[in-house]
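Novice: My structure is below; once you've seen it, I'll send some questions.
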Amino acid sequence: MRLELSRAVQGCRLGLLTGLGNTGQHSLEVPGCLLYTRCATVPHLTQDTLHTLRDLPSVTQVSVDSLAEHHEVLEEFKEGLRKFAGLHDTVLFCSLHDSANSIPAGHVTNKTVSVWGSGGRIELTAARFMAIQAAIQPDFYQSMADGETWQAGTSRKRVRKAVDRTLAHLDECLVLHQKTQELKQSEIFGVVEGGDILEERLRSARETAKRPVGGFVLDGFHSAAMDQDVRVQLIKATSAELPQEKPRLVLGVGRPDEVISCVEAGVDLFESFFPFQVTERGCALSFNYNIDPDPETAVLEFNGEMPAVKKLNSNGDENMTPYEMNLKDKRYHDDFRPLVEGCSCYCCEKHMRAYVHHLLVTNELLGGVLLMLHNMAHYLGFFKALREAITSDRLQDFKNRVLHCREGD
């Protein structure tokens, strides 16, 4: 695995992550996102339906918490998760937790971390964690880590202990990694912890960078956990301590505005759980990321006639963002437009808001399928437009477009 940077603009790193997969034939553009799955399946979508989408990421993300209960079956199968789950040709990355789930705190010790499966808590030693990785056979994976210091008010002593534990876990995982035949072609990513304490973030980054890791996972920056300005300051300082040639993946950040801020702070890779969360709310991503608007919109903008930004949608859901529309709302029952004008996804080309509204209010499974198709297509389009904006030195125009989004009406 090698990160080939083509340029850096305003802190943003533009490039290509090459040499991915067992044969090294895959690559991934950065900044970019991984393909989010649950138990190796994109929620609501079959493999065939998923592959109707264009420009899918070459890297699929799975998580230990959704697979730990299947460890023995995967171990007996012997040929890894990729073949077990019938995945298309893809690169596998395995994280510890699913960022779409909330994780109870207070279940980490000096020797173990805990994950939550469908049957409850599963306690993992380094040996068990690495045995699960050997059964999954990922191309790269996150090391074990104590990631419970993201809550506000965590003491300096607790944060210091989390950094120490995470480094100890990494050392133990590296030793076992070298001894595990199934992981000979895999890379391990070290985890940078430190809560909101700058000194501990820097110590974690410096010490992790001394280890033979393929890249870095920046943990504890979850959207709900940290003020955006604090997050950006910490990531900028942390990134300065990490080698330029290795990729940086941030966990728990998915909102478009937060993605842009993290990219400007030096982050390369993101998860793509955000479209799933939007889908589960019965919503469709509808924000505009097109730098060059259509002529009608351009005239309205020039005349100052664009409507004001709406901070929340009409249902008052505190989890909703300004980047989505709530298609369960009754006002869409006779709205015969596509979800987003100009969107080329299957849902927008074949169906209208009124039909998706009907599917959602009648609890038809197809509603989730169509929404997930649209939301994934929209999110992937956002990342592609972000890379193009960096390439063409129009990042500020792109930020203005996304950050001044309107509800998609």
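Glycine is no exception: its Cβ is also placed from the backbone N, Cα and C atoms.
Just lifted these from TrEMBL, have a look:
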type    : residues                       : note
BINDING : CYS343, CYS345, CYS348, HIS374 : Zn(2+) binding site
DOMAIN  : 23-404                         : domain 'tRNA-guanine(15) transglycosylase-like'
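Context for these features, please: burial, neighbours, distances.
Specialist: Sequence-distant neighbours of CYS348 (Zn(2+) binding site) (same chain, six or more apart, CB under 8 Å from its CB) are PRO338, LEU339, VAL340, HIS374, listed in sequence order.
Residues belonging to the domain 'tRNA-guanine(15) transglycosylase-like' (23-404) score a mean pLDDT of 92 in the model.
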Novice: Same chain only, sequence gap of 6 or more: which residues have a CB within under 8 Å of the CB of CYS345 (Zn(2+) binding site)?
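Specialist: When sequence neighbours closer than 6 are ignored, CYS345 (Zn(2+) binding site) has LEU53, LEU373, HIS374, ALA377, HIS378 within Cβ distance under 8 Å.
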Novice: Let me know the most crowded of the binding-site residues, choosing from CYS343, HIS374 and counting other Cβ atoms within 10 Å.
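Specialist: It comes out as HIS374.
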Novice: Taking the recorded Zn(2+) site as CYS343, CYS345, CYS348, HIS374, identify the other residues of that chain whose CB atom sits within 8 Å of the mean position of the site's CB atoms, giving them in sequence order.
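Specialist: Other same-chain residues with Cβ inside the cutoff are PRO338, LEU339, VAL340, SER344, TYR346, CYS347, GLU349, LEU373, ALA377, HIS378.
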